[in-house]
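Copied from TrEMBL, the annotated features are:
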{"type": "DOMAIN", "residues": "1-194", "note": "domain 'Mannitol dehydrogenase N-terminal'"}
{"type": "BINDING", "residues": "Ala3, Val4, His5, Phe6, Gly7, Ala8, Gly9, Asn10, Ile11, Gly12, Arg13, Gly14", "note": "NAD(+) binding site"}
{"type": "DOMAIN", "residues": "201-342", "note": "domain 'Mannitol dehydrogenase C-terminal'"}
Amino acid sequence: MKAVHFGAGNIGRGFVGLLLHDAGYEVVFADVADALITQLAAADSYQVHEVGDNPAVRTVDNFRALNSGTQEADVVAEIATADIVTTAVGPHILKFVAPVIAKGIAARAAGLGPLQVMACENAINATDILKSEVAAQWDPAAGSLDAAAVFANTAVDRIVPNQEAGQGLDVTVETFYEWVIDRTPFAGKEPVIPGATFVDDLEPYIERKLFTVNTGHAAAAYFGFEAGLGKISEAMADQDVAADVRAVLDETKELLVAKHGFNREEQEAYVEKILGRFSNPHLPDTVTRVGRAPLRKLGRHERFIGPAAELAERGIVPEALLGAIASALRFNDPADAEAVELAKILSASTPDEATEKITGLAPGHPLFAPVSSLIEEAKAVV
Ligand SMILES: NC(=O)c1ccc[n+]([C@@H]2O[C@H](COP(=O)([O-])OP(=O)(O)OC[C@H]3O[C@@H](n4cnc5c(N)ncnc54)[C@H](O)[C@@H]3O)[C@@H](O)[C@H]2O)c1
Ligand SMILES: O=P(O)(O)OC[C@@H](O)[C@@H](O)[C@H](O)[C@H](O)CO
């Protein structure tokens, strides 16, 4: 069994690659970072260090590595004979990996089963985004895309920080993980991946993950950054930051319970577990990694505006989420290209223009005016 995995970074090596390896797949890593690919291609194995409660060290071997920029034809040939393709490259990068995936699917021999494709990105229905990019590249002369490949949405959860210099290919991760996959596209032929959970309705799981883990995480990052703290665990040790993060998750909890019928006590336990994960002192995770790409994170269906808009539609003013959005607007990490772009938008646009541009909210939406006011305040300090 063979899997081609795009993105040999933190979650690629520390989670998706590990689970596919443990499931018995040979993993072909495809990435454009040449030094990383050269190192991986020369290595027989790397280690995943799981830190926190019940720490463990896991070894990943039986992999190869290709540069999908300079060795595209080789990657296409690998996809043509693979069982699975996964990605962990970032939602905005999916359009760049789609052409090579389309070519690989088109090159599959007749009689091979459909390729199973899963995007493991933090975004609602990232695989649908990938599928539409693949479909845009698809040559109908190659037959039916739906017959040649199965696309399944997933929700992936494991905190994998940026790795310390000198660590080589080894990856430090938390012990917790969850990989929830939509079963329905597989029509009874889902892959066997121990540790992954297949469900018939992914929406509640992906929203619970994104609007709890990622909303809380990003809130901790932006509040922590403003408090001058470097690590997420330090941010969570600050009583004010921790209280603000908890207030944000109280609001998303209300939405998740009302919308998806999650049991209140179970959701409270889920929140507590996640707050504990953020506080893991063994995890060297930083507020700049977790806060990265604030423009993406302030998007219409993302971790802040998504739940805040739905609460506003239900007549609730999401005060704590608005506080986190205000903090995100002030995330001025000079090393983050999106933070720099955000500051430019704030200074060059009126509050209403910036609200539309940054959040995608339509004027007239009940969240539009409160966010526009926050943007007016943020403009005064950029
Ligand atoms: N790190 C985590 O804790 C975590 C957890 C769950 C989900 N995710 C999601 O996984 C994705 C990757 O995150 P990460 O933290 O591993 O980031 P990362 O930066 O460590 O890894 C991304 C990798 O993608 C590669 N890449 C960029 N452009 C590419 C291209 N055109 N073709 C092939 N490879 C390309 C980069 O070189 C890099 O190695 C994101 O969508 C993120 O939201 C991350
Ligand atoms: O990857 P992002 O930029 O969408 O979000 C940053 C972190 O919140 C994220 O990577 C978490 O560590 C991860 O989603 C945990 O499962």
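A Cβ is built for glycine as well, from the same backbone N, Cα and C atoms used for every other residue.
Shown on the structure are the features that TrEMBL records.
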| residue | record | Cβ within 10 Å |
| --- | --- | --- |
| Ala3 | NAD(+) binding site | 27 |
| His5 | NAD(+) binding site | 28 |
| Gly7 | NAD(+) binding site | 26 |
| Gly9 | NAD(+) binding site | 18 |
| Ile11 | NAD(+) binding site | 24 |
| Arg13 | NAD(+) binding site | 29 |
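In this structure, Gly9 (NAD(+) binding site) belongs to neither helix nor strand by DSSP; it is coil. Within the model, the domain 'Mannitol dehydrogenase C-terminal' (201-342) carries an average pLDDT of 97. Candidate binding-site residues: Ala3, His5, Gly9, Arg13. Those with a Cβ under 6 Å from ligand 1, in sequence order, are Gly9.
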